[in-house]
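Taken from TrEMBL as is:
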| type | residues | note |
| --- | --- | --- |
| TRANSMEM | 55-76 | transmembrane segment |
| TRANSMEM | 96-114 | transmembrane segment |
| TRANSMEM | 126-148 | transmembrane segment |
| TRANSMEM | 168-191 | transmembrane segment |
| DOMAIN | 176-261 | domain 'DUF6534' |
| TRANSMEM | 203-230 | transmembrane segment |
| TRANSMEM | 236-257 | transmembrane segment |
Amino acid sequence: MTYDHSRLHGYFYVCLNDLACAVPCPSPYSLFGVTTIQSYQYFQRSDKDTPTFRTAIAFLWILDTVHQVLICQAIYTYTVTEYGNILALTKETWAVMGSVFVTAIMDLLVRAIFSVRIWRFSNGNWFVVGPIVFCSLGEFGSMLSFEIKDKVVLHGQIETQQALSTEFYFGVMFCLVSDTLIAVTQVVYLWRHRTGIPRTNFVIRTLIMYCVNTGLLTTLCALALVITWTTMPQNLVYISLFAALPTLLFNALLATLNARQELRELAKPNTGVISIPLSAVAQTSSTGAAKMGRTIMSLHASDSRTFAMEQPRYIV
């Protein structure tokens, strides 16, 4: 194959001048610092989580670390090892290809954890969880198909990657739909668990904001990825957004997990859980007074059911 060196020089001079190749290095690494701190905080506060769940979080952090190493290796190869070699910039390195596989695995695992949480929220409703699982597997398959075809058919040539637009668009579509479903489903189920207790309602509103904000970040990043791939096919700006996506998703999960302890404390009433059998209250009056410690509450005693003040078990 022969190359027009003048065209290649102009093509990649613009790319490098716009930092299209160098941008992926600082942005995911900044997020990686946040991820590392959040992971440390999680393991300091996660004594009540199962060993399996803690192992899954540790494995995700290891994958994120490998992901950052691969990105750094790719940037070093293009900007240092192959400095001045224009032809080297036309071909993907092994680190770039490896980062795609790591990203696919990270995205699948994080969404699997979210799916398990939603499955519990919904009392095992597969009609709710099924579409999320389908879209998560669809994104995973699309990313693997993209990279395998890139390696086997296109031989890792960056200039010809636009031929893989079908796999790319399907992957991003599944990503957008799954993240949107995760956020919307959590918001709906949290909203349904509102009570008349101000503390519990405050916790629910806080969790809803977490769900919306974290889902919005990953969705906006995926949309920006589509826009840059479509409108700027002659440079590598989209790589920076693709590299940031798995770390953003992992950070969203860690932020939700680390907020649990503070939210549980806020949800606790001053006297703890109160459970009062109404059958013990005088039946001759429609309203009875129940006293526990220094707390006096007026309760409607029209039946003999148990009145319990406690936070919903699905909240945090």
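Just so you know, glycine gets a Cβ as well, placed from its N, Cα and C.
Curation does not apply to TrEMBL; its annotations are automatic.
The DSSP breakdown of the domain 'DUF6534' (176-261) into helical (H, G, I), extended (E, B) and coil residues amounts to 75 helix, 0 strand, 11 coil. Long-range contacts of the transmembrane segment (55-76) within the same chain: residues 21-22, 24-25, 28-29, 32, 35-36, 39, 42-43, 46, 93, 95-96, 98-99, 102-103, 105-106, 109-110, 113, 243, 246-247, 250, 253-254, 257, each at least 6 residues beyond the stretch ends and with a Cβ under 8 Å from a Cβ of the stretch. Confidence in the domain 'DUF6534' (176-261), given as mean pLDDT, stands at 84.
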